[in-house]
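Scroll down for the structure; my scribbles are underneath it.
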Amino acid sequence: MLSTQYSGEIIARNKHLGLSEYKFLLRAIVSSGIGEQTYAPKVYFEGREEHPTIQDGILEMQDFYIDTIAKLLERNKLAASDIDVLVVNVSMLNATPSLAARIINHYKMREDIKVFNLTAMGCSASVISVDIVKNIFKTYKNKLALVVTSESLSPNWYTGNNRSMILTNCLFRSGGCAVLLTNKRSLSHRAMFKLKCLVRTHHGARDDSFNACVQKEDELGRVGVYLDKTLPKAATRAFADNLKVITPKILPVTEILRFVLFLLLKKLRGNPSKGSAASNVAQAVPKAGINFKTGIEHFCIHTGGKAVIDTIGHSLDLTEYDLEPARMTLHRFGNTSASSLWYVLGYMEAKKRLKRGDRVLMISFGAGFKCNSCVWEVVRDLNVGESLGNVWNHCIDNYPPKSILSPFMEKYGWINDEENSDNFKFPKDFGCERFS
């Protein structure tokens with residue numbers, strides 16, 4: 001487990017950071033909405049994050065998939081030889097043999113298994129993996145697919161001081177998920193969800209969207225993921241275009257007609273409040289103007305950060321109840337990249353929110369720039385007692401807590417003061433002698 005205190009100690013080991021960069025990272029950690037019980041790879045605790053080996057990344061993934069896949073197969077009374085399709089997505093580790101091949105070797109899967117190993121798909125890779133399986137199922141009947149999603153942090157620590165690249169060190173955490181999908185009618189009574197529709201939006205043809213999130217070297221040759229200032233705009237644009245396609249597929253005709261009439265009336269009336277502070281904020285992050293709750297009961301939002309959750313909540317006019325699963329997932333597990341959607345879904349299940357006939361909208365974003373979404377229908381009432389492997393079972397009664405503010409907000413309040421670095425000194429109890 002990675003606490004805020006230890007996060008500060010890890011980033012302090014970076015000899016290339018100045019005081020201003022260190023304070024910047026501490027502000028990001030303390031105000032991120034990430035709690036005290038998230039997870040990080042072993043190299044962070046061994047002090048080797050700046051000098052990892054490729055074996056560190058492979059072992060990190062083995063620790064995940066050996067445990068998770070075994071639990072999934074056991075719970076569903078299946079053997080590894082029953083799997084017909086395997087899709088693995090881990091963006092930041094491209095090993096040879098592939099991670100998919102390593103899973104096949106470990107579990108001794110069949111020789112005719114159809115295998116897909118995805119890399120560099122970013123935080124939206126889970127929905128992409130589901131789409132691959134969906135298209136395979138159009139051709140091949142009575143098949144069982146295994147989707148494995150995680151992220152390898154061990155070999156991807158940025159050792160420089162570029163502010164646009166060091167932020168990823170603080171926000172990502174270890175995690176992963178394994179999911180079974182099938183089009184076998186004989187297994188339909190055991191299914192939890194049914195895929196209703198899926199939409200993928202890719203703005204890679206736009207240069208500003210393409211360059212919004214890029215892995216590259218800084219001016220001194222240190223590799224990291226660069227987050228450009230155009231990222232929020234690229235995400236908003238991709239999200240809007242994705243909604244345009246998926247909305248007619250998931251909402252009733254009456255709501256779409258109401259929205260069309262609303263737009264016509266708005267156009268006829270013009271824009272009377274031009275230039276006010278309130279209208280400027282609304283224009284910066286516009287609301288969709290359509291009631292998604294007429295066709296969706298639950299919203300499964302990628303936990304890319306507090307700002308991502310807030311922005312989507314504002315755009316779709318969601319309540320705090322709607323956003324609670326995403327906020328609590330960010331607090332308990334952090335941003336686990338593509339697997340975060342399944343943690344959010346697990347929270348809904350553990351809280352017994354999901355009832356037969358309910359529809360769940362999944363929304364994810366990824367480098368490229370991509371926005372992918374899909375809708376699942378709950379096909380039977382889900383009781384937490386059935387899901388023995390739900391990752392929330394041991395702590396769900398503690399959520400939501402009275403406050404998700406970092407307990408170190410008061411202790412580290414000094415990071416927002418003393419802007420003059422020449423006069424600034426760290427508190428004696430902080431234990432950061434390098435900057436004192």
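Heads up, the Cβ atoms here are built off N, Cα and C, so glycines get one too.
Per TrEMBL, domain 'FAE' is recorded for 3-268. Annotation source TrEMBL lists active site at C123, H202, H298, H302, H331, N335. Residues or ranges marked as domain 'Beta-ketoacyl-[acyl-carrier-protein] synthase III C-terminal' in TrEMBL: 295-377.
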For H202 (active site), nearby residues of its own chain (Cβ under 8 Å, 6 or more apart in sequence): G368, F369, K370
Counts by DSSP class (helix H/G/I, strand E/B, coil) across the domain 'Beta-ketoacyl-[acyl-carrier-protein] synthase III C-terminal' (295-377): 38 helix, 21 strand, 24 coil
Among H298, H302, H331, which are active-site residues, the residue with the most C-beta atoms within 10 angstroms of its C-beta: H302
Separation of alpha carbons, N335 (active site) and C123 (active site) (Å): 9
Inter-residue Cα distance where the pair is H331 (active site) and H302 (active site), in Å: 13
Distance [Cα-Cα, Å, rounded] between H298 (active site) and H331 (active site): 19
Spatial neighbours of N335 (active site) that are distant in sequence (at least 6 apart) but have CB under 8 A: I34, C123, L171, F172, R173, T303, G304, G305
